[in-house]
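Data block below; observations after.
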């Protein structure tokens, strides 16, 4: 009987070779593995740029000057104010540790500790601004790098303050350790408060690729040398200097010339290269070196169908910090979700302007306005666009919006430092 059934099923399978199914490239198929297409894009990009590289090498020679790269950061090798500014940041780290130690033993009350932390965090943001604006020897790139370090330090120390405060509150509630939100097996023994208030623990957090403090971070079992070397190679090979002298001339005529639209695609490609260099290569390199286990520095923002999804997934360290230390506390205080999201965008707009206008030493609202413009754009895309149309809208905002803001700063900086200088020349 079983042999007869097998023969019938075999004959039936031979008679029918079709079933109800969609083509792989149709969205209804549910197919998502496009790794081969990505590899094809990489191969085509390498081949096209290799041809362009050879043509430019034969026509112009080697244009990348190591001295030019160094001059972006320092003017005088014996006078490096940006590097000195970064070294001085250790003062604020030690001040935060001292405050937490006083709080842990009861020498400071919570009110006094909050006051000291507030002063320390405020000076962390204001001190580098004063130095960058006062010293003419700081280059825009050096100033931006120093301010970036201080911004990251500000966010880290704020998280350090909050988590230790939560630990004290739990200790008062008879809880002797901070329960971590993510369980992870680790060979390192767990640390309980106030055993974490040490110089080694704080400096590990300062260098770790995260903005959110924990007493016991997830740790990888070992350092993989092959992985480390691959990330290092990617970091070194991704360096490139954009040539913008040719784009300066048309900026003298119009504020936003139509010819500048041709710079949007190269600008966008540079942004993509920076994203891969920083969020994948650099942060993974640091994480591997420190055996930091949580490597989720980004999610699939390229599939974003809304502006909100993009901002929640392209920069996970910042998103986690905003959610944990800013957005949720606002909701607990009774603020509505819409107002809380607006406050997050406002804070993000402030830091964008902080990191651009101060190093350039010119107050321009382009970064601030660009960030705040994301609010109505996010509402429009979420309300009227869906699926692929929403994803296309996100890509358009990245390809068109960011280059326009960059060109506005380039134009203003050129007019302020070059055209006015040439106009006064004999």
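Yeah, the Cβs are placed from backbone N, Cα and C, and that goes for glycine too.
Note that TrEMBL annotation is computational and uncurated.
Residues or ranges marked as transmembrane segment by TrEMBL: 37-54 (among others).
Here TrEMBL flags 80-100 (among others) as transmembrane segment. Listed as Cβ neighbours of the transmembrane segment (80-100) (distance under 8 Å, sequence separation of 6 or more from its ends, same chain) are residues 73-74, 108, 113, 116-117, 120, 123-124, 127-128, 131-132, 135, 137-139, 142-143, 145-146, 149-150, 153, 157, 160-161, 164, 197, 199, 202-203, 206.
Per TrEMBL, the feature transmembrane segment maps to 112-135 (among others).
Annotation comment: TrEMBL describes 141-160 (among others) as transmembrane segment.
According to TrEMBL, the feature transmembrane segment maps to 228-248 (among others).
What TrEMBL records for 268-290 (among others) is transmembrane segment.
Summarising the annotation, TrEMBL assigns transmembrane segment to 338-360 (among others).
Per TrEMBL, the feature active site maps to 352. A C-beta separation below 8 Å, combined with a sequence spacing of at least six in one chain, links residue 352 (active site) to 367, 368, 370, 371.
Residues annotated as transmembrane segment in TrEMBL: 366-385 (among others).
Taken from TrEMBL, the feature transmembrane segment covers 392-410 (among others).
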The transmembrane segment (268-290): which same-chain residues, six or more beyond its ends, come within Cβ distance under 8 Å?
204, 207-209, 220, 223-224, 227-228, 231-232, 234-235, 238, 240, 242, 297-298, 314-315, 398-399, 402-403
Long-range neighbours of the transmembrane segment (112-135), counting only residues six or more past its ends (CB under 8 A):
81, 85, 88-89, 92, 95-96, 99-100, 102-103, 143, 146-147, 150-151, 153-154, 157-158, 161, 354, 358-359, 361
